[in-house]
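Asks: Take a look at this one; I'll ask things after.
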Amino acid sequence: MVMGLGLFLLVFMLGLGLTLPTLAQDNFRYRDFLAKHYDGTPEGRNDRYCESTMRRRHLTSPCKDTNTFIHGNRHHINAICGDENGNPYGGNLRISKSPFQVTTCKLHGGSPRPPCRYRATRGSRNIVVGCENGLPVHLDESIFRP
């Protein structure tokens, strides 16, 4: 009986040891996605917004060519990875059922070195995300709706 309990605890601890790094890695990828692409309450959404937000989020060394910020409720973005607000789009990609307000910042000028100058494009778009364990970890594209 004691040996059975010891074996159970050993197997449990090994399983926990294998699961925690995976969960931590997924959580890192999700947090990285949010840091690069989520801004729930933007101010301005113009060229100045792009330049300051890209700089503040450390996306300017070297200057990133293009980056899209998704605005709105984080729960609705997460829901793309399930049936509540998403449909399959191929592989591990999902397309949102509803459009999101987005700002796309595109590098203006040719140099990848700071100071980075960006042009902002605002719009409402359906977005395509890559999901892992029910969370978005990659913004694949955004699709303009007429």
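Note that Cβ sites are derived from N, Cα and C of the backbone, with glycine treated the same way.
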Asks: Given 55-59, 65-69, 70-74, which one carries Swiss-Prot's motif 'Nucleolar localization signal' label?
Replies: 55-59
Asks: Which candidate, Cys81, Cys105, Cys116, does Swiss-Prot give as the disulfide partner of Cys50?
Replies: Cys105
Asks: Looking at the recorded positions His37, Cys105, Ile127, His138, which has the shortest Cα distance to Cys50 (disulfide bond)?
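Replies: Nearest listed residue in space: Cys105.
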Asks: For the motif 'Nucleolar localization signal' (55-59), what are the DSSP-based totals of helix, strand and coil residues?
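Replies: Per DSSP, the residues of the motif 'Nucleolar localization signal' (55-59) fall into 2 helix, 0 strand, 3 coil.
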